[in-house]
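Right, one structure below, let's go through it.
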Amino acid sequence: MGEIIDGKKLAKEIQEKVTREVAELVKEGKKPGLAVVLVGDNQASRTYVRNKQKRTEEAGMKSVLIELPENVTEEKLLSVVEELNEDKTIHGILVQLPLPEHISEEKVIDTISYDKDVDGFHPVNVGNLFIGKDSFVPCTPAGIIELIKSTGTQIEGKRAVVIGRSNIVGKPVAQLLLNENATVTIAHSRTKDLPQVAKEADILVVATGLAKFVKKDYIKPGAVVIDVGMDRDENNKLCGDVDFDDVVEEAGFITPVPGGVGPMTITMLLANTLKAAKRIWKMN
């Protein structure tokens, strides 16, 4: 029976550490600031942004929310981002995705100053990640690495398989595992003999967006299984990309959904914002 990795507990520990560090900085008259830009009225995005704000304030940081209507022009959004780039009280900028179709996400991400790109999506940060240089790492992949390490697993020398090749999770988490000296395979919808490929993994990260896609026959006994999915099953119950009940018997460690990867994402955003503030103050 696999041990369940408690993402809530780990996220709380990291957040407490960030909060303590912020409190020390505030004593010196320095307060990290995070600005979130929300375009339109997507309810899921709104809920997510509210959570980010609440957690930012709990950590003792300045939290700014800028709301823009669905029909805002691309030009207006870019000018808002440019103003935030110049704002000395803001150290992290996050534009909540997805954006309306008439706005280029690429252009918006490219406009965010890479020193304030706490989502880790700017091409400079992506490039730095790939050459192994210190950078802002996308929050979910950063959280995944912390979850793996929390099990006591030595990543170096392990076989890691990542199912999913998105720019937000699959590719960056594969690169982080490579930077930790794992031997990494990226698998996807066109991979032949996927269960065989997955079964070689000491560390399996699943980010397919398909409910309960990974079954027990994908799992090497004792593997660390990280489930990035947020899906609904046939009974409309929240589940992941891994069939938890089927896989938990084979796995050594496994993240649940909910309560696994999810809580780590906002926590790593706070860690990135603190890091951004410290870097900006050091440069100045």
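Think of each number as a place in line: the chain as shown, counted from 1.
Backbone N, Cα and C atoms are what each Cβ position is placed from, and that goes for glycine too.
Quick look at what Swiss-Prot lists:
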- GLY164, ARG165, SER166, SER189: NADP(+) binding site (BINDING)
Among SER166, SER189, the one of these binding-site residues whose Cβ has the fewest neighbouring Cβ atoms within 10 Å: SER189
Neighbourhood of ARG165 (NADP(+) binding site) by C-beta distance under 8 A, where only residues 6 or more apart in the same chain count: LYS171, ILE186, HIS188
NADP(+) site, defined by GLY164, ARG165, SER166, SER189: further same-chain residues with Cβ within 8 Å of the Cβ centre: ILE163, GLY170, ILE186, HIS188, ALA207, THR208
Which same-chain residues, if any, lie at least 6 apart from GLY164 (NADP(+) binding site) yet have Cβ under 8 Å of it: GLY170, ALA187, HIS188, VAL205, VAL206, ALA207, THR208, GLY209, VAL228
